[in-house]
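Q: Sharing the record's features from Swiss-Prot:
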- C114, H116, C135, H138: [2Fe-2S] cluster binding site (BINDING)
- 102-173: domain 'Rieske' (DOMAIN)
- 1-52: signal peptide (SIGNAL)
Amino acid sequence: MSENIIPVRAVPAHDHEHDGERACMSRRRFLLFGGTSVALLSIASLPGVAQVMQALKADYARQRIGSLSALKTGEPLDFNYPYPDVRNILVKLGVAAGGGIGADKDIVAFNQQCTHMGGPLDGTYKAEHQILGPCPLHLTTFDLTRHGMVASGHATESLPQIVLEVQGDDIYAIGVLGLVYGFDSMNDVQPA
């Protein structure tokens, strides 16, 4: 048995007699990589390099889409806005949400087309989790409590959120926050 054992020997980093058996990283290489890493990370602190991106909002004609008294928690209401063929969902979530309106900030509206490849999200609202999806194409789901951000799946963009306002008991859509799938810019086409 002892014939098959290969002795292991320690090789100091400065021992040049054994080429190819150096330590995995020399002091010089460590300092070079460390300095490069610090330099690259500090670039983000330069003025104008790292900027906060603001969500783009397209303003449209104000349109009544529902009433506070008619909404029931967890029961979505479908509507079209800003064009007749753009399908959306209005829902009272029962929990506060980003961009929510009403006394509890729990009423939100979102477009019903997946931002990945435009799959239809009609009828996929899950009230117990406040999510929309999964998309029938690639199973993306969206969290409606967090501005429609992707909860899972292939999409990389949040769902376009319909900007709402309340006047008395009436709920109005006044704009779109984000880009609806299939449009290169929501302001390119005039509402019908």
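Quick reminder: no glycine exception, Cβ is built from N, Cα and C everywhere.
Show me how these features fit into the structure around them.
A: Residue environment of H116 ([2Fe-2S] cluster binding site) contains 18 other Cβ atoms, counted within 10 Å of its Cβ in all protein chains. DSSP gives H116 ([2Fe-2S] cluster binding site) a coil state; it is part of no helix or strand.
Break the domain 'Rieske' (102-173) down by DSSP state and the numbers are 3 helix, 29 strand, 40 coil.
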Q: By a simple count of other Cβ atoms within 10 Å, which of C114, C135, the binding-site residues in the record, is least packed?
A: C135
Q: Show, in sequence order, which residues other than C114, H116, C135, H138 on the same chain lie with their Cβ within 8 Å of the centre of the Cβ atoms of the [2Fe-2S] cluster site.
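A: My list of surrounding residues reads T115, M117, G118, G119, G133, P134, P136, L137, L139, T140, G153, H154, A155.
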